[in-house]
Amino acid sequence: MTTQTEVDGTVIERAVIRVGIVDDEPMARAFVSKILGAAADVAVVAEGADGADALELVRTTELDVLLLDLRMPRMDGLDALRELRRQPRVPAVVVLTTFHADQAVATALRLGAKGFLLKHIEPAELVRAVRVAANGGAVLDPTLTNDLMGHLATHHLDRIGAAAEVTRLSARLRDVLRLVGMGRSNGEIAEELRLSDSTVRGYVSEILAATGCANRVTAAVLAQRAGLLD
């Protein structure tokens, strides 16, 4: 699926980001769908009302990003994430919720969510977050609490001493980790540091292995706690 835009008389084709929305509130789904539908490069192609629907959507629909609520009947978002880990092909899952208890969100991130957003997010930021997630970036709500950051980082500090590992990373890896912490995708990091995409992917893998972070999101939180964004 592509969309066409004209720039200086030249028609440019761009891939459309296919999004699924899973939320038990029809009004919430409709509102999010309206926001995303206004973006030329985003298309909402599937909707569901609970975690069981999320599993079915992933099995039957080609998705780039899945926006998933946490508190839903029949199967909640956390149980859906646990089941999705067993699927061979999973889109970038981003939690979009009003429920942001630190333990629940931390669990969601450890189960493979690429980030979380609160439903009060500005429309333009929601669209941007979908684009970032589709391109492999980490998505963290700007109101992420210090308590949550501490909860995640402390887990790593107690388990493998990740904060100490950050200080032992090479300067190049710290540069990459800093940009991961800022929510940059591999492509954006490659452009900023003048590296190839494959080189950046390799660096990110090195960072995850060295720090013990489960994914880009926990690495991004660790970057914030380590002061790399200050």
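Cβ coordinates come from backbone N, Cα and C, glycine included.
Here is what TrEMBL says about this protein:
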DOMAIN    18-134  domain 'Response regulatory'
DOMAIN    162-227  domain 'HTH luxR-type'
MOD_RES   ASP69  4-aspartylphosphate
Legend entry - Spatial neighbours, same chain, of the residue listed as '4-aspartylphosphate' - Cβ under 8 Å, 6+ residues apart: VAL22, ASP23, ASP24, GLU25, ALA28, GLY77, VAL95, LEU96, THR97, PHE99
Legend entry - Helix, strand and coil residues within the domain 'HTH luxR-type' (162-227) as assigned by DSSP: 51 helix, 0 strand, 15 coil
Legend entry - Model confidence over the domain 'Response regulatory' (18-134) (mean pLDDT, whole number): 92
Inset, instruction - Please list, for the domain 'Response regulatory' (18-134), how many residues fall into helix, strand and coil according to DSSP. - result: 51 helix, 26 strand, 40 coil
